[in-house]
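Colleague: Okay, here's the structure, questions in a sec.
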Amino acid sequence: MIIYLFKSTLLLGLLYGLYKLLLEKEKIHRFNRFFLLFALVFGLTAPLTSFEIYPGQSIAGIEMKQMERVVNAPAEAVNNTVDPLIAPKKEAMPKAEISPDTAESSKWSVSILVLLFGLYGLITLYLLIRFAGGILKIWNKIKAGRHEKVGPATLVLLNEPTTPQSFFRFIFLEKEQYESGDIEPEILDHELTHVRQLHSLDVLFVEFLKVIFWFNPFIYLFKHAVQLNHEFIADGSVVSKVSSASDYHKLLIQACAANKPMSTTSRINYSLTKKRLRMMFRTYSPIRSGSKGLLLLPVLGLLVLTFCTKKTEYKVQYPQTTYSDVELHYDAKRNEELGKPLGTHYTSSGEPFTGTQKIYHSDTDSLHMKQFFEDGIQTRAVIYYDDGDTVRQKHGIYLNQPLLKKMYENGILVYENVPPTESEDGMGHVRLWHKNGQLSVEHSYNGDQVKQGLMTEYDEEGNITRQKRYEDGELVEMIK
């Protein structure tokens, strides 16, 4: 939770800084409206989402090669049969004792955490009630006022001093001013723009975020930026229609003299007038605005990589610290003496090893791997999960190279490779299965380890989706 709060606050701060630096003073108000809302959503959700990046992938078969690398501990060689291994007895680690001071500190930590969550809940509940009360207050004003339809909006005429302001399709006006014609058409057109653009949706969204994230200072800054941008949009719409912009400027100043706004409405506010007047005098430069918009793309990409990714390293599954029940080694000179091939394993007495070597995790003493040898040559291997009981992979040795024979996922066979030396027809056979247990792919290969004969692919319901025929590794016929 602390990490999320830190990341979201930092990200919102960076996005707000980008807006102030690059966009706020540009006359691209509709784009700015989208950016501000996107920044709020992205800043609050990006730290909750992540995708993995893999800086370096392992070479296929690396685990097979690791079978040749064993950190051995001296043990007695085993011939033909292997006696049950009696692991060295380890001294029991003393049980950790929790001191009274530690227990008391832990209780205090829990109490403070509960207190903070309780305080957050109370403040949030209060703000939520106030938020709902504000909407209810607006609704009561809507019911209390006299209604008059004007275009897409409904005028709500109130018997009290009211600064022109809007809430969805409702525009609130002082009844006496409206009936006497004291409200200028430009002011009404300004509020109609808020109605057409549905600016109240943005305001309600930000107000709701304030209820949930009331402790985040950037939420308040974003609210101010959103409302100011709404005024820029409405001002631009009015100025494009009037003959004299200076007259509209005077109207804005007069309208801001008496301001009694409602928090969830779009309104004319005196504190914003100075910036609005400056914005009306600015000239639009498509080159400048476009270049700033393009500059955002790499910056946003960098923020995504920084806040939404986590680096995942490929780890070799072979444990870094292991011990075995049999000490084996290579001896090139002994190979020459006995005429043995490369890869022959010898015992400490110099004899080619026949039997089973068991390799264990040093930290847990659980079985990691069994390797089987005949006359010094490894013939097969079985690799286990960390529990030391469940088989993860089975390997055979074909042409003096490690060969994956079977692979399991959650105890279910998903891959099988029967080498030519073990099949009745002298061909190797490979089969893969879907997660539902249905056969996925099957094909054969010859002694040169190239595809030979049919290769068939199935869907999860067992229907043939593709079928090919190979001869000596070359595709000769596409059957389906």
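Using the three backbone atoms N, Cα and C, a Cβ is placed for every residue, glycine included.
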Colleague: From the ranges 194-212, 213-231, 289-307, pick the one that TrEMBL records as transmembrane segment.
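Modeller: That would be 289-307, the stretch labelled transmembrane segment in TrEMBL.
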Colleague: I need to check the long-range neighbours of the transmembrane segment (108-129): which residues 6 or more away from its ends have a CB within less than 8 Å of a CB in the stretch?
Modeller: 210-212, 214-215
Colleague: Per-residue pLDDT averaged over the domain 'Peptidase M56' (186-279) comes to what?
Modeller: 83
